[in-house]
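Notes to accompany the following structure.
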Amino acid sequence: MTTKSTLERLNVKTPYDNISSDIGLLALRVVFGGLLAAHGAQKLFGWFDGPGHSGTVAMFEGMGYNPGELFGTLAGLTEFVGGLMLALGLLTPLAAAIVLGTMINVINQMWSGGLLTGQGYKEGLLFGTVALAIAFTGPGRFSLDYGRPWYRVGFAWGVGVVVLAAVTGVLTLILKGAL
């Protein structure tokens, strides 16, 4: 009996078994985080044909988030900074909570538009789901968090992210007066 067949029979994982997951997580984090950071840059700086800070403030005031200056800036910062942190795999549980809390508000705001319309909540749902998945899986080996206690995240870290995101998301909705 060889060592390999014994490991296979016992279903024991070796460190090399996770390389595929780590590459997949890297690709997911970089693309998702980059897109989210670009979305935040639209709000903050007007990059990529975005409204810029003044346009974002006006948009948030129009949606009932007052003061628009505060909420518009926070939305841009959470998307920009949260996206960069996720792309780099830096403080990943915190970054995932930031993004998920923001997406709770996006979903709430866009709910009346339905799921699959141009004015719907599909983007918020998709972004929130990706942040949630990363919260439970961790950033993987190819991240700045590598070797930290949360780089291979589990159930407890994932639940902590969900609780923090829910509290901040709901608190924002309460401050807006939506709840």
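Just so you know, glycine gets a Cβ as well, placed from its N, Cα and C.
Fair warning: this is a prediction, and the values are worked out from it, not measured in the lab.
The transmembrane segment annotation in TrEMBL covers 21-41, 80-104, 125-142, 154-175.
Among 80-104, 125-142, 154-175, 80-104 has the largest number of CB pairs under 8 A with the transmembrane segment (21-41). Residues 18-19, 21-26, 28-29, 32, 36, 82, 86, 89, 92-93, 95-97, 99-100, 103-104, 106-107, 115, 150-155, 157-158, 161-162, 165 of the same chain lie 6+ residues outside the transmembrane segment (125-142) yet bring a C-beta within less than 8 angstroms of a C-beta in it. Outside the transmembrane segment (154-175), and at least 6 residues removed from its termini, the chain residues within Cβ reach (under 8 Å) are 71, 93, 96-105, 108, 131-132, 135-136, 138.
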